[in-house]
Amino acid sequence: MSGIDPKRFGKVAVLFGGESAEREVSLTSGRLVLQGLRDAGVDAHPFDPAERPLSALKDEGFVRAFNALHGGYGENGQIQGALDFYGIRYTGSGVLGSALGLDKFRTKLVWQQTGVPTPPFETVMRDDDYAARATEIVAKLGLPLFVKPASEGSSVAVLKVKTADALPAALAEAATHDKIVIVEKSIEGGGEYTACIAGDLDLPLIKIVPAGEFYDYHAKYVADDTQYLIPCGLPADQEAQLKRLARRAFDVLGCTDWGRADFMLDAAGNAYFLEVNTAPGMTDHSLPPKAARAIGISYSELVVKVLSLTLND
């Protein structure tokens with residue numbers, strides 16, 4: 001697909017593992033990415049920052065990194081800043097885009113200011129009175145609601161709340177993961193979609209139909225009964241418009257090259273963006289490989305394409 005001589009990449013580290021709540025997912029993603037790059041002839045090597053200092057990348061002659069870390073310091077700008085310091089090119093967004101992309105609260109603030117539609121929401125702080133805030137939030141946003149930590153990925157600790165009585169406990173649970181909790185109005189009627197972004201590839205939208213209440217961690221990485229619809233069933237002109245809006249949602253956060261933008265449609269077909277992912281999962285259940293496969297791009301070709309974006313100025 002790319003026609004790139006794999007020698008151009010030099011010695012490549014596949015960063016995976018790490019210390020976040022998404023470590024196990026990252027280990028799976030990283031192993032597959034490593035194999036995909038090696039299948040294409042890339043000089044790729046495993047590197048787990050939880051086990052080795054990042055300075056070893058420079059000491060051992062790595063010139064490029066494929067970031068398969070998920071959540072925590074692998075996705076919040078810290079690894080990106082360190083790689084910048086060591087002069088190592090890497091996949092995905094830089095410090096700013098990574099930091100904003102993992103912070104759902106500040107993501108939504110930017111979107112509100114730049115005209116990207118996002119569900120109405122409230123924030124709750126860890127030391128707030130959960131019962132009092134729950135009463136206020138239900139009065140303002142109604143039910144059902146989604147409760148999520150501001151800075152976790154893979155739907156870690158995301159809860160759907162259908163009754164006012166259940167909201168205080170959901171707030172308390174989410175607050176164990178982050179000092180800021182997002183409470184978001186549930187958008188009903190049109191389904192959940194994702195737009196995968198990989199440079200100039202025109203990847204199809206995917207409609208996600210989980211067997212359970214919503215697309216949670218289990219549905220993403222464990223369950224085999226989640227449906228991924230490609231084509232997504234939308235008219236071509238609407239799909240093209242949503243892809244453009246997804247790219248805007250990605251770009252206004254300072255995100256670059258590679259990632260995902262997730263959104264809901266309401267019954268009237270209006271889009272509401274939930275979050276971006278600047279280091280998407282690359283497991284057997286993950287969405288970018290599915291989107292690529294639908295247009296004839298293999299897993300190995302996809303990871304080479306993503307890595308090739310690090311060759312750009």
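Heads up, the Cβ atoms here are built off N, Cα and C, so glycines get one too.
Over in Swiss-Prot, the protein carries these features:
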type	residues	note
DOMAIN	108-308	domain 'ATP-grasp'
BINDING	138-193	ATP binding site
BINDING	Asp262, Glu275	Mg(2+) 1 binding site
BINDING	Glu275, Asn277	Mg(2+) 2 binding site
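Taking each of the binding-site residues Glu173, Asp262 in turn and counting other Cβ atoms within 10 Å of its Cβ gives the largest count for Asp262. Rounded to the nearest whole angstrom, the C-alpha distance between Ile180 (ATP binding site) and Asn277 (Mg(2+) 2 binding site) is 19. All protein chains included, Leu145 (ATP binding site) registers 26 other Cβ atoms within 10 Å of its own Cβ.
The most crowded of the binding-site residues listed here (Val138, Leu159, Ile187) is Ile187, judged by how many other CB atoms sit within 10 Å of its own CB.
A coil conformation is recorded for Ile187 (ATP binding site) in the three-state DSSP classification, outside any helix or strand.
The DSSP secondary structure for Leu159 (ATP binding site) is strand. You'll find the Cα of Glu275 (Mg(2+) 1 binding site) roughly 24 Å from the Cα of Ala166 (ATP binding site).
Per-residue pLDDT, averaged over the domain 'ATP-grasp' (108-308), rounds to 93. Each residue contributes its Cα atom, and for Ile187 (ATP binding site) and Asn277 (Mg(2+) 2 binding site) those atoms are 20 Å apart.
Note: the Cα of Leu145 (ATP binding site) and the Cα of Asn277 (Mg(2+) 2 binding site) are spaced 21 Å from each other. Note: the Cα of Leu159 (ATP binding site) and the Cα of Asp262 (Mg(2+) 1 binding site) are spaced 17 Å from each other. Distance between Cα atoms for Glu173 (ATP binding site) and Asn277 (Mg(2+) 2 binding site): 23 Å, as a whole number. Among the binding-site residues Val138, Ala166, Asn277, the ones whose Cα sits within 10 Å of the Cα of Asp262 (Mg(2+) 1 binding site) are Asn277.
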